[in-house]
Structures are given as structure tokens and as C-alpha cells.
Amino acid sequence: MADQNINKNEKVLTGQPTENQEPVHKRRERYKGTHPKTFKEKYKERQPEKYADTIEKVIQKGSTPAGMHISICVNEILEFLQIKPGQKGLDATLGYGGHTREMLKCLESQGHMYALDVDPIEIVKTRERLQNLGFGPEILTIKQLNFANIDEVVEEAGLFDFVLADLGVSSMQIDDPDRGFSFKTDGPLDLRLNPEKGISAAERLKTISQTELQGMLLENSDEPYSEEISKAIVNEIKRGNEIDTTTKLRDLISKVLVTIPENEQKEAIKKTCQRTFQALRIDVNNEYEVLYSFLEKLPNVLAKGGRVAILTFHSGEDRLVKKSFKNLQRAGIYSEVSDDVIRPSAEECNRNPRARSTKMRWAIKA
């Protein structure tokens with residue numbers, strides 16, 4: 001009997017219902033401040049349809065609302081693609097669906113679009129978002145597929161009149177700490193675009209040699225401190241300390257750069273973290289191999305006179321796209337390619353700082 005009373009008291013103390021007691025109603029935690037900082041606190045920003053005023057205020061400040069992605073170079077893309085009603089198009093990187101939505105508007109309910117994405121989390125949200133805007137399966141086909149496999153889509157769809165590939169990571173992926181893309185917030189060191197496939201960045205670091213890691217940092221992000229960072233990471237893991245969170249990697253990089261003059265240290269750590277995370281993301285997602293495959297197959301999915309625009313966000317991607325377009329133009333496969341990159345306007349960069357590193361290149365099928 002005494003034991004039963006103890007158990008009953010324990011239940012009361014822990015908030016669990018006793019046998020003759022109704023379950024305790026727990027209110028959800030509410031953010032009490034006026035300036036939400038964490039991803040979870042920014043619940044209004046993650047519901048743009050419900051809190052349009054909040055979204056507009058965030059954008060006006062030059063920030064990207066949490067859980068959203070502001071499409072880049074929309075006007076430049078549409079001006080080049082010259083989409084006409086009745087055409088067939090492909091958005092090879094669906095993401096938040098902003099570019100797809102604008103291209104669908106150009107079709108004026110005539111023709112069809114296909115859109116691809118590897119992210120199983122965001123693709124569900126984007127499909128629903130576009131469906132609610134009136135873009136259902138009669139005008140839009142969405143597939144969870146890596147854009148390296150565009151040849152599989154053309155078997156079903158036929159040749160495309162226009163293709164877009166935006167190679168950037170979407171803001172909603174970067175901003176969600178659970179995805180582990182950003183060094184600014186604590187989260188698992190994952191960096192996979194599809195968390196259901198492959199190994200995380202944390203797992204990758206457990207098995208990589210110093211030489212291989214240094215080479216990765218150089219090739220994927222031109223990291224000037226590649227030797228020091230790779231040595232520190234490998235030594236830390238050899239000591240039995242896992243680097244399995246974004247914060248652990250950021251703190252280790254900070255220690256490596258401790259000898260940099262104090263007035264330069266903060267910016268140096270920020271830039272080095274950006275480059276290191278980028279290099280790891282490219283590696284775990286095989287981004288260069290995927291891009292090689294896409295560029296190689298691209299001419300075979302374009303109709304005669306078909307147009308393709310590609311947005312890149314770092315020099316490694318841009319070099320691959322430029323080289324492919326120029327080589328295929330010399331081979332007579334493309335009739336025209338962009339001589340130079342197209343960049344977002346200063347106004348767009350002020351409105352959306354994440355657009356600053358964007359470069360756009362285009363090609364037309366002969």
C-alpha cells in the first residue's frame with residue numbers, strides 16, 4: 001500500500017495522471033519576446049500565408065524569413081528563357097518553388113512543367129504550396145529525383161523547350177538547425193540534401209585522412225587554412241572526440257585561427273566556417289559529380305532551340321558550367337552561350353543579401 005502511495009505521489013509530481021485523475025493539460029510554450037531569434041521562435045515567418053505582414057517586414061529589412069527562400073534573378077531568368085504558352089519546361093531544382101511558380105505563370109495554363117528535388121522534407125511542403133496556388137498535376141509534375149538523372153524524366157516527358165537549374169542550397173534548409181547546414185546555430189553536423197541517403201558530414205569526418213580532407217577543402221572551397229584545419233580535425237577525432245555538431249566544428253575552427261590578429265579574427269572565422277561547411281556539403285552530396293552528369297546529359301533533353309539557364313554560387317560550380325557550355329558550343333551542340341556571367345542587380349542584393357554570390361550562365365540548343 002505504501003509503495004502504491006509513493007508511485008501515486010511520483011505521478012503527481014511529474015505531471016502524469018493518477019488512476020482517478022484527468023490528464024494534466026499542458027499549454028504549449030509561447031515565445032515571450034518581441035524579437036524572435038531561433039528557428040522555432042520564428043513561427044510566424046514559417047507561416048507566410050497566415051502572417052503576410054510579418055514576412056514583408058522581414059524582407060524589407062534585407063533578411064530571408066525563416067523557412068522561406070527568396071528566388072534569385074527571376075527577371076533575368078524569365079527574360080532569357082522567353083517562355084511561351086504551350087511549351088514544356090523543367091525546373092531541375094524545385095526547392096521552395098519560387099522559380100517554378102513564376103515559370104508556370106508564363107505558361108498561362110497551357111503546356112506543362114516538370115520539377116525535380118532530392119529533399120524528401122521540403123518537396124512535400126512545396127508540392128502542397130504550389131497546389132494551393134492552383135498549380136496541380138494537370139500543369140505540374142513533381143518528382144523526387146536527383147537532377148543528375150534528367151535522362152529518366154525525358155523518357156516520360158519528351159524534350160524540353162526550357163530548363164532551369166538553381167545550384168544553391170535553399171534558405172529553408174540553411175535556416176533549420178536540425179538539417180545541420182549552418183555554423184551559426186547548433187545542430188547535428190549533417191549537411192545532406194537528402195538525409196535519407198548517404199552518410200552525414202560527421203560520419204565522413206570519422207574516416208577521412210588528413211591529406212584527403214586538406215584536398216577536399218582546397219578543391220571545394222579554395223580554403224587558405226586547409227592544412228591547419230584538416231590537421232586539427234583529424235587530431236581531434238584521433239583523441240576520441242567526435243565532431244558531430246555544427247558548434248563543435250565551428251569552435252574547432254575558432255581555435256585554429258586564434259593566432260590571427262584580434263581585429264581580423266571574427267571575420268576570418270566566419271569566412272573559414274562558410275568555406276569549410278561548403279566543402280563538406282559538396283563532398284557528402286557528391287555535388288560536382290552530380291553537376292558533371294547533369295551538364296553531360298543536358299543537350300539530350302533540350303528540344304531544338306531549347307534554352308537553359310543555370311545559377312551558380314561559387315567558383316567551382318561556375319567553372320564547370322562555363323567549360324561545358326563553351327566546349328559544347330565549339331562542338332556545334334549549342335548555337336549560343338553567354339559570353340559572361342549575369343549577376344543580380346544591386347537592388348536585389350540589398351533586398352536579399354544571399355543573392356550576392358550568384359552567377360547566371362545560359363545556353364541555346366542548336
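Cβ atoms are placed via backbone N, Cα and C, with glycine included.
Lifted from Swiss-Prot, the feature list:
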BINDING   G97, G98, H99, D117, F147, D166, Q173  S-adenosyl-L-methionine binding site
COMPBIAS  25-37  compositional bias 'Basic residues'
REGION    1-46  region 'Disordered'
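Mapped onto three states, the DSSP output places G97 (S-adenosyl-L-methionine binding site) in coil. In this structure, F147 (S-adenosyl-L-methionine binding site) is part of a helix by DSSP.
Look at the Cβ of each of the binding-site residues G97, G98 and count the other Cβ atoms within 10 Å; the largest number goes with G97. Counting every protein chain shown, the number of other Cβ atoms lying within 10 Å of the Cβ of D117 (S-adenosyl-L-methionine binding site) is 27.
For D166 (S-adenosyl-L-methionine binding site), the count of additional Cβ atoms within 10 Å of its Cβ stands at 26 [all protein chains shown].
Within 10 Å of the Cβ of F147 (S-adenosyl-L-methionine binding site) there are 23 other Cβ atoms, across all protein chains.
The Cβ of H99 (S-adenosyl-L-methionine binding site) lies under 8 Å from the Cβ of S71, V74, I77, D91, L164, D166, each of which sits 6+ residues away along the same chain.
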